[in-house]
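Novice: Please read through the structure below; I'll follow up with questions.
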Amino acid sequence: MLFTEEQLKLYSKPLSESEKEKCENAIRIIQESLESLGYETKKGIHRNNEDTLSYQIKMTNPSKDYELSIFVKGSYATNTNVRQNSDVDIAVVKESEFFDKYREGKTRENYKFVSSNKPPYHFKDEVEEALIERFGRSEVRRGNKAIRINGNTYRKETDCVPCFRYRDYSNDYMDDPNNFIGGITIYSDKGERIINYPEQHINNSVIKNNNTNYKYKKMVRIIKEIRYQLIDSKNENAKQTSSFGVEGLFWNIPDYKYSNDEMLGDTFNALIAFLIDNIDKLREFKEPNDILNLCDSQEKNNVYKNFILDVKNYFEYSGEKKYE
């Protein structure tokens, strides 16, 4: 398909101010819901990073002596979302409890940690109860990993993700309780433990964007829009490639590749050319958090390979007008 510079310029723009307001409202309503359970706001709504939409709130429950961190994660947090009808992901993190990992021969006893006496799903039950009380049963739907809150003209459709902290002590050789790689652990209703690193993702996207003279996020928005177009045309590889995944592909491209050309289309072609040249090295790529592998299976590796080839065949650039 032939794309003009003006089209790409449109795709590369961040969402409107009204979308930002709805995103902010989504986190605020979760804050208000948890107040009914006795939580108090310790630090009001603020941005975790001024260059993102990663709104955050800190709450505490004096009677239970623990804190919550509530923050926007995913593509809204990194400001790379491209379709207005997509939902916003909000993590509700219980800071006082964490899942852990240690190097061989070490256990929590070496760090003088104690086990929680509550099952992981108890916290999700508590959050769900607060949301139902605030919105009513018909507006709240519990899923395997998240609790969905229906959207309206005031707020975005929201996936509220109750979770715990994660601490990886694998590289600590001093039994130092503060020496860990931190993330979050989502405990699903099916008993799965999902570990990810949303805060590193947010911060790394800001660094990458700054290092590429703000071209990185523009290019990510363009590839995400093209992915949606391929999905609309029934492309199976695009369907199996997540929004986070295509962002990860572009995050692994060296910064200097973003500065070769002034035109959006020329820059995009240069990035796709790099992926084609390195298509057999995708197993070495990292997620934008720079911790987990982007392709953790041969199946995913094959999907990403085919997606890259499909984008190359789909994207044609007419060339015109330099962007500001």
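Cβ atoms are placed via backbone N, Cα and C, with glycine included.
So Swiss-Prot has the following annotated:
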type	residues	note
BINDING	Asp87, Asp89, Asp159	Mg(2+) binding site
BINDING	Asp89, Asn144, Lys145, Asp159	ATP binding site
BINDING	Lys224, Ser243	GTP binding site
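Give me the structural setting of these features: burial, nearby parts and distances.
Specialist: Around the Cβ of Asp159 (Mg(2+) binding site), a 10 Å sphere holds 20 further Cβ atoms from the protein chains shown.
Asp159 (Mg(2+) binding site) falls within a strand segment according to DSSP.
DSSP classifies Lys224 (GTP binding site) as helix under the three-state reduction. Around Lys224 (GTP binding site), the C-beta neighbours below 8 angstroms that are at least 6 residues distant in the chain are Ser75, Thr80, Asn81, Val82, Ser243, Val246, Glu247.
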Novice: Looking only at DSSP and grouping its letters into three states, which state does Asp89 (Mg(2+) binding site) belong to?
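Specialist: The three-state answer is strand.
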Novice: How big is the Cα-to-Cα gap, in Å, between Asp159 (Mg(2+) binding site) and Asn144 (ATP binding site)?
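Specialist: Rounded to the nearest whole number, the Cα-Cα distance is 11 Å.
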Novice: Show, in sequence order, which residues other than Asp89, Asn144, Lys145, Asp159 on the same chain lie with their Cβ within 8 Å of the centre of the Cβ atoms of the ATP site.
Specialist: Gly143, Ala146, Ile147, Arg148, Val161, Ile186
Novice: Within 10 Å of its Cβ, which one of these binding-site residues (Asn144, Ser243) has the largest number of other Cβ atoms?
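Specialist: Compared across Asn144, Ser243, the most Cβ atoms within 10 Å surround Ser243.
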Novice: Sorted by position, what residues of the same chain at least six away from Lys145 (ATP binding site) have a C-beta under 8 A from it?
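Specialist: Sequence-distant Cβ neighbours: Val161, Ile186, Ser188, Asp189, Ile194.
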Novice: Which residues, same chain and not among Asp87, Asp89, Asp159, have a CB within 8 angstroms of the centroid of the CB atoms at the recorded Mg(2+) site?
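Specialist: For the Mg(2+) site the neighbour list reads Gly74, Val88, Ile90, Ala146, Arg148, Glu157, Thr158, Cys160, Val161.
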